[in-house]
Amino acid sequence: MNRTRQHRRGVVTRDATGSGSAEAFVLIAIATILITRLYLELTGYPQIGGGNLHIAHALWGGALMMLALLTGWLLIGAGARVAAVVMGGVGFGLFLDEVGKFVTKDNDYFYGPAAEIMYILVVVILVGARVLRDFRPLTGRECLASAAVIAGDGVARGLADRRRELGLALLVQAEQAGAEPTEVGPVRALLVSAETTSDRLHRLQQWVPRLIPGFFRSPRWVPVVGWLLVLSAISGLFFGLLGIALGGYFYEDDDITLRLDGMNPASVILVVNAAVTSMIAVPAMIARRRTDRLWPLRWLRNAALLFTFLNAFVDFATEGFAALLSMSIGLFTLAVLTYQIDAAVRRTAGEASESPQVPPGDHALQP
């Protein structure tokens, strides 16, 4: 029976680390859009070319996406995949930044609904990657295949210790899911015998947090940024719905100016985003007082990620550089939560190494 289940391949075979690459691709694309808009604003929207010639940066984006595909097709190894993700993310960001030109007759770069188009594409990619990863646990075949991919990288370029440990953890899960020992054994042998290489990216990830002053590494920041996120989301939802209900509202005197937008695509996106963020962040903040597990922090980070970057799309399109302040606050929140999650994972791993070995949990599958 186990062997029959093991050989049911299904429609697709998922990579255990694929969702992390997809999310990195989207984050790099978002950062590219924001950096591009900032650069163009500061430089007065220069024309690349001469005379009547203008080389749109969407073309550079297409070239980078082409290079990303070629890199993935032609080269083997984790480094090649990282390069493909970076080039693809930058290329997609440059392409998506000019979407307004492709959906208007007059090639309007500042076309208002371009922000909504970006929003939809980003949500589709992020949600699609999450659904594909989480709609059911990885099968034994998928764990075995993912470990075999890592082993293949080891044959080609060697393995960093972190990648080797990930591959071995996947094999443990594959065995628990019914993988045949005759299939697991050769993959494990390749993982164990692969040459050890340095992991520059992992070292960089470990080095960067050391630059953060100790004051900002305190766990006391978690409730501060968490409840500020909840307050921002709920207030955004309240005032957004109020503005839509009133059909827009504007008040100004010597001391205060209040403007509430009526029904329009941007206000609807902000309201929906605030509602979803509230539904994620409020349960996470309540749960983190009742459990030491990591999922409340991860939910909170997901809420901050959604609220920060999707709001930034609309804010930069409608408010210009006024969006930089809220963007900076959101990035600070993300940095605090990410650091605390990484610290908790390291503590959990340290406790596990001092106790009898247990099957790895979901954290072992993160890239």
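Yeah, the Cβs are placed from backbone N, Cα and C, and that goes for glycine too.
Among the features that TrEMBL reports, transmembrane segment is placed at 21-40 (among others).
Positions annotated as transmembrane segment by TrEMBL: 55-75 (among others).
Counting residues 6+ beyond its ends, the transmembrane segment (82-103) has Cβ neighbours under 8 Å at 21, 24-33, 36-37, 56-58, 60-69, 71-72, 109-111, 113-114, 117-118, 121, 201 in the same chain. If you look up TrEMBL, you'll see 82-103 (among others) marked as transmembrane segment.
The transmembrane segment annotation in TrEMBL covers 109-132 (among others).
Note on the transmembrane segment (224-246): residues 260-263, 267-268, 270-271, 273-275, 277-278, 281-282, 284-285, 288, 300, 303-304, 307, 332-333, 336-337 of its chain, located 6 or more positions outside it, place their CB under 8 angstroms from a CB of the stretch. As annotated by TrEMBL, transmembrane segment applies to 224-246 (among others).
Positions annotated as transmembrane segment by TrEMBL: 266-287 (among others). Below 8 angstroms of C-beta separation, residues 112, 115-116, 119, 223, 226-227, 229-230, 233-234, 236-237, 240-241, 243-244, 295-297, 299-300, 302-304, 306-307, 310-311, 314, 317-318 of the same chain, each at least six residues beyond the ends of the transmembrane segment (266-287), sit close to that stretch.
Among residues of the same chain six or more beyond the transmembrane segment (299-314), those with a C-beta under 8 A of the stretch's C-beta atoms are 27, 30, 33-34, 115-116, 118-119, 122-123, 222, 225-226, 229, 232-233, 266, 269-270, 273-274, 276-277, 280-281, 283-285, 287-288, 323, 326-327, 330-331, 333-334, 337-338, 341. Positions annotated as transmembrane segment by TrEMBL: 299-314 (among others).
Per TrEMBL, transmembrane segment is recorded for 320-339 (among others).
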